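For reference, the structure discussed in these notes is given below.
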C-alpha cells in the first residue's frame with residue numbers, strides 16, 4: 001500500500017502559509033457561529049415551552065385564567081412540544097432548499113459576499129425571533145414559522161461557501177485530516193451555543209438569542225473584510241497547479257478504481273484542457289458526478305440521526321432524567337466532543353488508507369451498538385456523558401467527513417478538472433439532501449415525546 005502524499009512530501013504544516021491559517025480559522029469560526037445560533041434554540045426549548053403555556057403553571061386561584069393566559073400559544077406543554085418540533089422540521093426543509101440554491105449562487109458570486117450576507121441577515125432574524133418578540137410580548141405561530149423559514153434559507157449560505165473556500169486553499173494532500181479537524185467547527189459551534197445559552201439562561205431565554213445573534217453578526221462583518229476566498233486573490237498559485245506535481249493528482253480518494261482507465265466519464269465539463277477559466281457546472285451535471293447521489297442519500301440517513309441529537313438532546317435529558325435545563329445543556333456538549341475526535345481521527349485514517357468508504361462503513365456499523373447502549377443509559381451523569389461521547393464519535397465523525405472532506409473530493413474529480421466552480425454546488429447537493437432526511441426525522445422525537453407524556 002502506498003503511503004499518502006502527506007508523508008511523501010514532508011509534514012503537512014510545512015505546506016501552509018499564514019494565509020492558509022487565517023482562512024482555516026475564519027471559515028472555522030464563521031460556521032461555528034452559525035451553528036451556535038441554531039444550537040441556542042434547542043438549548044432553550046424547555047424555557048420556551050413554559051413561556052408559551054403559562055396556564056399550565058397558574059397555581060393561584062386569585063388570578064382569572066383569562067388574565068394569566070392572555071399571551072399563551074398552547075393549552076398544554078405537549079402541544080408546545082409538537083410546535084417546537086414543527087419549527088425544527090420547517091427550518092430543515094427551508095435549509096435544505098436553500099442549500100441547493102446557495103451552492104449554485106456560491107459558484108457564481110463572490111463567496112465572501114454570500115457568506116457575510118447570510119451570517120448578518122440570519123443574526124437579525126434570530127434576534128427578532130427569540131429576543132424582540134419576547135421583549136414586546138408578541139407571540140404568534142405564523143410569525144415564528146415565517147421567521148424560521150427565512151432563517152433556514154439564510155443559514156444555508158454558510159456550509160457550501162466555507163467548504164468551497166477551504167477546497168480552494170487546501171489540496172488533496174492530507175485533506176482527510178485537515179478537513180476532519182476543520183469540520184469540528186459545527187461541534188465547536190454547538191459547544192459555544194450551549195455555553196452561551198446556559199450562562200445567560202437565568203435572565204431569560206431571550207438573552208440567549210441576543211448574545212448569539214450579536215456574536216454572529218460581528219462575525220459576518222469580520223468575514224466581509226478579512227476572508228480571502230482563493231489563493232489567486234493575492235497572486236498565489238491555486239491548488240490545481242500544486243497538485244499537478246503529484247503522481248496521484250487525478251485519483252480521488254473516494255474512487256475504488258485502481259487505474260484511470262476504469263473511470264468512465266460520460267461528459268466533459270472542460271473540452272479543452274488549455275482553458276484555465278472554467279464556467280460553473282449545472283445542477284444536473286453536478287448530480288451526475290460519480291458518488292454524489294450515493295453519498296447524498298447516505299448522508300440523509302446519517303443526518304437524520306445526528307440532528308435528532310442536535311435538536312432534542314438537552315430537551316430529552318431535562319425531561320427524561322429531571323436534570324435542570326442548564327445542566328442538560330452543559331452535559332450535551334460531550335456528544336460534540338466525541339464528534340470532534342471522531343471526525344479528526346477517522347479523517348486521518350482515511351488519508352493513510354487513501355480510502356474514505358471503508359472507514360465510514362466500519363464507524364457506522366459500530367454506531368448501531370453505541371445507539372443501543374446510549375438508549376439504556378442509567379440516571380448517572382458520568383455514565384451518560386461517556387456513552388454520549390462514544391455515540392458522537394461513531395455518528396458525528398462520519399457526518400463531519402461526508403459533509404466536508406468527501407464533499408471536497410466529489411467537487412474536485414478528474415471529470416471537472418478540479419474546478420472550484422463545482423465545489424459549492426456539489427456541497428449544496430450533499431448537505432441539502434442530508435437536511436431533507438434530517439427534516440423528515442424531526443417529527444419522530446416529537447411524536448414519541450407526545451405519546452409518552
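For all residues, glycine too, the Cβ spot is worked out from N, Cα and C.
TrEMBL does not curate its annotations; it predicts them automatically.
Under the heading domain 'Major facilitator superfamily (MFS) profile', TrEMBL lists 23-453. Taken from TrEMBL, the feature transmembrane segment covers 12-34, 80-101, 113-136, 148-170, 177-201, 207-229, 292-313, 333-352, 359-377, 383-402.
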Report, as numbers and ranges, every residue of the chain located at least six residues beyond the transmembrane segment (80-101) whose Cβ falls under 8 Å of a Cβ in that stretch; write 'none' if there are none.
41, 45, 48-49, 52-53, 73-74, 141, 144-145, 148-157, 159-160, 283, 307, 311, 428-429, 431-436, 438-440, 442-443, 445-446, 449-450, 453
The transmembrane segment (383-402) in contact with the transmembrane segment (148-170), cutoff 8 A, at least 3 CB pairs, sep 6+
no
Within this structure, do the transmembrane segment (359-377) and the transmembrane segment (207-229) have 3 or more Cβ pairs under 8 angstroms, counting pairs 6 or more apart in sequence?
no
Quick test of the contact rule: Cβ under 8 Å, at least six residues beyond the ends. What residues does that give for the transmembrane segment (359-377)?
298, 302, 305, 342, 346, 349-350, 353, 383-384, 387-388, 390-391, 393-395, 397-398, 401-402
Sequence-distant residues near the transmembrane segment (113-136) by C-beta distance (under 8 Å, 6 or more away from its ends) are 30, 33-34, 37, 40-41, 44, 51, 102, 105-106, 143-144, 147-148, 150-151, 154-158, 161-162, 165, 204-210, 212-214, 216-217, 219-221, 223-224, 227
What is the average pLDDT across the domain 'Major facilitator superfamily (MFS) profile' (23-453)?
79
